[in-house]
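Asks: Just passing along the structure, written as structure tokens.
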Amino acid sequence: MTTFRAPQAVAGSRILGLGSYQPETVVSNHDLAQRMDTSDEWIRERVGIVNRRVAAKDEGVVDMSVIAGTKAIEDAGLTPADIGGVIVATCTMPSTIPNAAAQVATRIGIQAAAAFDLNAACAGFCYAVATAADIVRGGSVRNFLVIGAEKLTDWTHQDDRSTAIIFADGAGAVVVGAGDTNEIGPVAWGSDGSMSEVIRIDDRDSFIHQEGQAVFRWATTQVAPVAIRAAELAGVELSDVDVFAPHQANLRIIEAIAKRLRKNGAREDLKVARDIVESGNTSSASIPMALDHMRSAGEISSGDVVLMVGFGAGLSYAGQVVRCP
Ligand code: UT7
């Protein structure tokens, strides 16, 4: 019987570059308190957000992805000609076809890219990194551009104080490329569709509905074990982790998970991403954006061991250990 050639697998995959983009308009808690029944104090205390960014009317997921993606390619020291594939993790495109990735590839100048969108909501970026890392290791693509981008304000009812204070817009990107050593650990991932009701958009005329407390309880109890498992799968002790970059859902959730990691061996000086304070909750964009901001601020450096974990609608979750480029 004839068997078929397999692509030439490579030794490992790694993150080669990082970039992000935030829209210009800043909306503060005070701005929101002018138009709905909320307060700066409530939002800071319950969610930890102070400011968030909101995209312009004519600025979409594709526009933001192009800017973040271009920066990540430059940061990797590559050109668009070096990129073979594009994944856009997003759940907020205005329509389902065409996808974002093919448009992003063409606008960046990447020819004939393998291009697809991936929807795992707030876990989307980690799902996409896992997918790209495996494709690169398998040998089908040498360099993959992985973007998390959301225009959540399009899908958030601006009078709904339970969601309008949280969700924001932005994009973050990485280049996942082939390496002689492996610097992206195996993914710990999964889902629980029995809780799909708790974050949903019912149809194209609806807005995000979130049962905040149910999601909060799930996130504060179920996500830390995923992060711990990701470290185990990578063969990394929690004490070796320099940076914890969880999805920026709520500062109280972030602190609760970080506390649990420290109880399980993570260092007291573990750097924890708190980008939500100035950026809000940007779903699949939140992790790469947080990392890019932390690196620009000099809080993390090249070579740092980063533990990422995404979680949200689905319910879906995914985490892995990566080395900071
Ligand atoms: O990113 C995807 C994953 N998503 C998440 O992880 C989100 C998880 N959930 C959360 O972050 C929190 O549940 C929220 C931030 C969404 C809400 O915070 P909470 O502490 O769970 O508040 P709550 O919904 O239990 O509401 C407490 C009270 C209620 O008033 P009563 O019934 O106690 O009188 C709400 O009506 O706060 C009220 N409230 C507000 N008050 C001022 C709700 N939203 C607001 C608001 N401003 N914006």
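Cβ coordinates come from backbone N, Cα and C, glycine included.
Keep in mind that TrEMBL annotations are predicted by a computer and have not been checked by a curator.
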Asks: Using TrEMBL as the reference, determine which range in 58-62, 248-252, 268-272 is annotated region 'ACP-binding'.
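Replies: In TrEMBL, residues 248-252 carry the label region 'ACP-binding'.
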Asks: Restricting to the chain of Cys122 (active site) and a gap of 6 or more, list residues whose Cβ falls under 8 Å of its Cβ, or answer none.
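Replies: Within the chain, Cys122 (active site) has Cβ neighbours under 8 Å at His247, Ala249, Asn281, Ser283, Ser284, Ser286, Gly310, Phe311, Gly312, Ala313, Ser316.
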Asks: Count the Cβ atoms, other than its own, that fall within 10 Å of the Cβ of Asn281 (active site), considering every protein chain shown.
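Replies: 25, counting other Cβ atoms within 10 Å of Asn281 (active site).
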Asks: Using DSSP, tally how many residues of the domain 'Beta-ketoacyl-[acyl-carrier-protein] synthase III N-terminal' (116-193) sit in helix, strand and coil.
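Replies: DSSP composition of the domain 'Beta-ketoacyl-[acyl-carrier-protein] synthase III N-terminal' (116-193): 27 helix, 29 strand, 22 coil.
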